[in-house]
Amino acid sequence: MKILVDENMPYVEPLFGDLGEIIPVNGRTLTAAQVRDADVLLVRSVTKVNAELLSDNHQLKFVGSATIGTDHVDLAYLGERNIPFSNAPGCNATAVGEFAFIAMLELAQRFDSPLKGKVVGIVGAGNTGTATAKCLQAYGIKVLLNDPIKEKQGDPRSFVSLETIMAQADIISLHVPITRTGEHKTKHLFDEARLTALKPNTWLVNCCRGDVIDNKALVRVKRQRDDLKLVLDVWEGEPTPMPELVPLAEFATPHIAGYSLEGKARGTFMLYQKLCQLLNIAADKSLLDLLPSFNIKAVELATAPDEKALLQLARFVYDLRDDDKMFRNIFLNENGFDTMRKNHRHRREFSALALAYDRQLEVDWLSNLGFSGVGQ
């Protein structure tokens with residue numbers, strides 16, 4: 001069995017090596033000729049899976065995407081050809097949630113404006129939005145959720161309108177899929193009018209899709225409003241973001257919010273489980289066995305951490321400033337965006353760091369944030 005796999009997917013060899021011949025490929029430049037004789041195709045969001053890519057292949061048994069979203073896959077076409085498909089919903093939700101939370105802590109420190117006491121509006125209450133809310137609520141932050149689709153579907157959580165978030169939230173974090181038509185279109189959801197209407201000193205965090213914000217309008221509005229603070233992990237026109245926009249963001253990264261070691265391993269592992277199920281064989285590999293031990297064994301706390309100390313704990317796991325600095329130095333280079341993504345030194349999630357502190361009730365919130373070993 002020939003397994004064609006994006007070269008940037010981790011842990012492919014230990015998981016799929018027993019199932020067939022593994023052929024790594026560049027996902028962004030993948031051609032129909034390369035795919036012609038593949039039995040299994042494993043991709044990420046940079047690969048457009050459609051008739052143009054697959055029309056010459058008449059033996060494909062499975063297409064898997066190690067991503068939350070599926071907007072890069074023509075699901076109708078796969079359905080017409082009866083090609084089984086699976087993605088990895090939620091695989092990197094924890095990573096995105098922690099990234100957004102860390103970014104907010106970094107902004108709070110940079111501008112001496114504590115996160116504690118602020119109101120955060122989350123637009124999109126799916127896997128990544130929910131994970132972001134979980135971090136914030138663990139820390140005691142008031143969260144407003146906006147998701148008209150989930151609200152209409154009967155999700156029991158409390159939702160508010162986008163207008164309410166615009167009026168009440170100090171921070172707005174975006175977590176919607178990209179939809180270009182229909183009642184709940186998200187392309188340019190934040191257009192020039194909505195960006196202009198943001199209340200003073202709003203922090204705007206985008207970890208979903210670049211097209212959700214009109215980037216040209218964002219440049220114009222930001223140049224007029226220095227009070228707005230931006231954290232941008234996604235960009236219109238990836239992998240070539242607007243050169244004028246990057247310097248206007250407080251933190252800028254190349255679509256890596258979901259790039260934790262745990263998240264990327266989880267995505268590959270979910271596809272492994274699905275393929276084994278399809279082939280009717282036992283999935284006898286373990287996700288935990290894939291992950292290396294963390295380079296810090298444990299952190300012993302003398303007191304319950306304040307916000308500054310919490311940021312330091314977060315930086316032990318992931319220092320956003322490093323990726324921001326690297327991105328600013330490389331994004332104008334040819335292939336700089338993709339090079340940084342490909343060579344990203346997969347950060348860890350909070351669960352990799354064990355904390356030792358004996359007053360359990362004072363630090364339950366750290367366990368809820370995801371840190372391990374608290375109070376043990």
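Glycine residues also receive a Cβ, built from the backbone N, Cα and C atoms like all the rest.
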Candidate sharing the NAD(+) site with Asp147, Asp233 (per Swiss-Prot), from Gly117, Gly140, Gly258: Gly258
Further binder of substrate named by Swiss-Prot next to Thr67, Tyr259, taken from the candidates Ser45, Ser286, Ser293: Ser45
Lowest local Cβ density (other Cβ within 10 Å) among recorded positions: Asp147, Asp233, Glu238: Glu238
Nonlocal residues around Tyr259 (substrate binding site), in sequence order (Cβ under 8 Å, 6 or more apart): Asn92, Ala95, Arg341, His344, His346, Arg347
Most distant Cα pair in Å, residues Ser45, Thr67, Tyr259 binding substrate: 13
Nearest-integer angstrom distance between the alpha carbons (Cα) of His255 (active site, proton donor) and Asp233 (NAD(+) binding site): 5
